[in-house]
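Novice: Just passing along the structure, written as structure tokens.
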Amino acid sequence: MYEVYLSPCFLAPPYMVDFQSPTKTIYTDPPCNVSTSTSHLRNTLLNLKDKSLLLLLMEISSLSKTVALLVLLLATLTTLSLGQGNRGSGRGTRLGYYRSSCPRAESIVQSAVRSAVQANPTIAPGLLRMFFHDCFVNGCDASILIDGPTTEKTAGPNSLLRGFEVIDAAKSQLETACPGVVSCADIVALAARDSVVLTGGRSWQVRLGRRDGLVSQASDTANLPAFNDPISVQIRKFADKGLNTQDLVTLVGGHTIGTAASCPGVISCADIVALAARDSVVLTGGCSWQVRLGRRDGFVSQASDTANLPAFNDPISVQIRKFADKGLNTKDLVTLVGGHTIGTAACALFSYRLYNFNNTNGPDPDINPAFLPQLRALCPNGGDALRRVALDTGSDNSFGNSFYENLRNRRGVIESDAKLWSDRRTQRFVQRYLGERGQTGSRFNAEFGRAMVKMGNIEVKTGTQGEIRRVCTATN
């Protein structure tokens, strides 16, 4: 589905359809009277259903969002929900299908959708789009929901669908109330209707009784309408599903809610990561910096290549070497590790320092004895290894140089951080950020931005190297 914009006014009487004009313009006189316009629109569309798409588009372009949904989307989504338009007769579906077997089915789905949309309004268009994408591929059988490496969900057109968790929540509640009764396909159909209602559209009765499909293949999504399809292709794809040109224009009107990616195939995931890192610093109180963009996404991702990442227990000499291998010097090392002023570490990464450091049956001597009881209370011997502890005690959500103050006070949490103070090669840069011992004080925030720019240019792929991924979790 793709973007359509509706003007604030409806086709209103008095109006004239000039079929002799080359442009077939619809003339309307303001003000628009919505109550009278509804019947005129219905009659006009019935009279024009065999005429050109251009005329229909010009008519619908003058419709208000609310009334378009009230009249057009209502009728056409009812048709689509039967299966695949006129081609799917909807045989076996009926109103009140769960009246005896699961009387609260519709209210349970409605409640799940309402909760989700109230928490995040962008869920509503996601659920509407999900229903469309499900019905267009092997019918309305919930095959869009199936997980797997090559299922419909993994296909490019479905990569940005949202709202799956809402369907899961409704299904979970229904399985408690009526186990094995309500199909996922019916839940998707109901959720689409409820999402329209919750955004101001009119409700419609949904015929129920669909069964869930057994097959879900990404290759079957080729018949989904694409954002750049010419009109002739759109008409053919809809016709293949028993939907006519009026249905096409009407269903695309569902785009009255929702958004679209602004620049498909343009922005790399690598650039998104670089921008997100900068923004996370700014949002926690750090300074901003300009991010050089134009990176391309790589094709190769291997676990074995992570051996050169600095480790939580690396000695300073190893840290310096690993940074130098990437063109970063010792100052860059100390500066970038300062990013630990926000964030946490799991007990598993440092609890060895608290009880049996280097098989001494005692703590790491680099830990301040006054700080030790606090860490032991947070990470008791044999306790929860996944518990998270602030790396910058007392300031884990605020970006600043307090991290270095903690290092000076021997309150570093992980071993590699603590060594920045105990090793003279790195201590002088820590002192510089603290402005002590005759060192000229440096603005940590500004230096951090400089170091991030430098790191952001490590071995980047540009030009014809790599690709621009459609989905960041998989190559194209």
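Each Cβ is built from the backbone N, Cα and C atoms, and glycine gets one as well.
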Novice: Could you identify, going by TrEMBL, the member of Cys102, Cys135, Cys263 that forms a disulphide bond with Cys178?
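Specialist: Matching partner in the record: Cys102.
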Novice: Between the Cα atoms of Cys347 (disulfide bond) and Asp392 (Ca(2+) 2 binding site), find the distance and write it as a whole number of Å.
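Specialist: Roughly 14 Å, rounded to the nearest whole number.
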Novice: Do any of His133, Asp134, Glu152, Cys178 (recorded positions) have a CA within 10 A of Cys140 (disulfide bond), and if so which?
Specialist: His133, Asp134
Novice: Which recorded positions from the set His133, Asp134, Cys135, Gly139, Asp392 come within 10 angstroms of His340 (heme b binding site), judged by C-alpha positions?
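Specialist: Within 10 Å Cα-Cα: Asp392.
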Novice: Got a sec? Which of these disulfide-bonded residues, Cys102, Cys178, Cys379, has the most Cβ atoms within 10 Å?
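Specialist: Top count of Cβ atoms within 10 Å goes to Cys379.
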Novice: Taking 10 A as the limit, how many CB atoms besides its own sit near the CB of Asp141 (Ca(2+) 1 binding site)?
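Specialist: Result for Asp141 (Ca(2+) 1 binding site): 23 other Cβ atoms within 10 Å.
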Novice: Within a 10 Å radius around the Cβ, which one of these binding-site residues has the most neighbouring Cβ atoms: Ser143, Thr341?
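Specialist: Answer returned by the neighbour count: Thr341.
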Novice: Could you check the disulfide-bonded residues Cys347, Cys472 and say which one's CB has the most other CB atoms within 10 Å?
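Specialist: Top count of Cβ atoms within 10 Å goes to Cys347.
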Novice: Roughly how many angstrom lie between the C-alpha atoms of Asp392 (Ca(2+) 2 binding site) and Cys379 (disulfide bond)?
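Specialist: Pair distance, Cα basis, whole Å: 16 Å.
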